[in-house]
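Q: Positions annotated as transmembrane segment by TrEMBL: 20-43, 55-76, 97-120, 126-144, 151-169, 184-205, 226-243, 263-288, 295-312, 318-336.
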Amino acid sequence: MLIQDENLTDRSPFLKLRRWQWWLLVAINILFLIAGQAAAVLLGRFYYDQGGNSTWMATFVQTAGFPILCIPLIFLHPSQKLETSTSSTYPSIKIVALLYFVLGLLVAGDNMLYSVGLLYLSASTYSLICATQLAFNAVFSYLLNSQKLTALILNSVVILSLSAALIAVNEDSDGPSGVSKGKYLVGFICTLGASALYSLLLSLMQLSFQKVLRKETYNVVLEMQIYTSLVATCVSTVGMFGSGEWKGLQDEMKGFKSGRVSYVLTLVWTAVSWQVCAVGVVGLIFAVSSLFSNVISTLSLAITPLAALLVFHDEMNGVKVIAMLLALCGFCSYIYQNYLDDTKARKSESQSHTDDVIQESHHV
């Protein structure tokens, strides 16, 4: 749920914090995002490794923990909630409901693609491919959100594309045991498609805040996260029953290698991990910026292969190491361009403020 922070009106609680308190808050949210995302990916791989095979169940748990997000929503100041519901610029309930429904369908489809990708790929390979979302994000932001494609951004797109291409043509690619080359290719395509769809979702959500909701307060972002997750969870539930996968869940639990209790705990903690990640994402958006949140999210995807190496003993051959280094280079190129944009914007704002002060002094 990453959006631009150009017109945020709900940052006053963060501005009142002392500097060390603000840094502590940022550090906690970074921890939530990185730990939540890494844990969710590793638990998803563990589910498949231990005998789980329901892609609809894997899709379901990615959003089923959305009630956790109601906790920070409850503690929002009442005046903030009133402002959202009574604003004259806020669209009708029908329009908002249709928007959340469409976005929820896209989230469900995106989660299904991710689930299929993780079924046929190792956790490290999966994470490296997911890092291409920054490249897709640059393209869709250019097409839908009027973002400029500078030389550094194009460089990032090319490098990240090369990183994904290396993973695709790697002859020593390590998939889970029993996965054929054909299924590996399916997993690669699904994960790449999921990264593209996720980036499209980010651009559509940003467009929704700018053109439809016309408000970017903390509670509005949380509400979008909650309602789209609700729709996605309902779609996953319908898919599970419609496909007949629910009939095999009891046998799946019995056949889970580490036991029934472990089966239940794996699904529960996967759901919790994704929502912990979501809390970190939203927290960083409003404590720092959406760019910083997206940066940390991508950084987490680069860290996950190392965690997979320790937990699942994934093979890190030369090609995968080069792909990871390329992904980090593309990541740095993307960040440096946004650093330049931010510096330019700050200088422009400072100059504008100085001009206003000079004009006021002349009037006096």
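Cβ coordinates are placed from backbone N, Cα and C, and glycine is handled just like the others.
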Q: Going through 20-43, 151-169, 263-288, 318-336 one by one, which has the most CB pairs that fall under 8 Å from the transmembrane segment (295-312)?
A: 20-43
Q: Please indicate, using numbers and ranges, the residues of the same chain that are 6 or more beyond the transmembrane segment (263-288) and have a C-beta under 8 Å from a C-beta there.
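A: Distant contacts of the transmembrane segment (263-288): 1-3, 5, 8, 10-11, 14, 22, 25-26, 28-37, 39-40, 43-44, 46-47, 50, 52, 57, 61-66, 68-69, 72, 218, 221-222, 225, 252-253, 256, 296-297.
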Q: What same-chain residues lie close to the transmembrane segment (20-43): Cβ under 8 Å, and 6 or more beyond its ends?
A: 14, 62, 118, 123, 126-127, 266, 269-270, 273-281, 283-284, 287-288, 293, 296-297, 299-301, 303-304, 307-308, 311-312
Q: Other than its close neighbours in sequence, what residues sit by the transmembrane segment (318-336), given a CB gap under 8 Å and a spacing of at least six beyond its ends?
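A: For the transmembrane segment (318-336), the sequence-distant neighbours (Cβ-Cβ under 8 Å, at least 6 residues beyond its ends) are 124-125, 128, 131-132, 134-135, 138, 152-153, 155-160, 162-164, 166-167, 170, 172, 295, 298-299, 301-302, 305.
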Q: Can you find at least 3 Cβ pairs under 8 Å between the transmembrane segment (184-205) and the transmembrane segment (55-76), where each pair is 6 or more residues apart in sequence?
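A: No, the stretches stay apart by this measure.
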Q: I need to check the long-range neighbours of the transmembrane segment (151-169): which residues 6 or more away from its ends have a CB within less than 8 Å of a CB in the stretch?
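A: Sequence-remote neighbours of the transmembrane segment (151-169) are 125, 128-129, 131-132, 134-135, 138-139, 185, 188, 192, 319-320, 322-324, 326-327, 329-331, 333-334, 336-337, 340.
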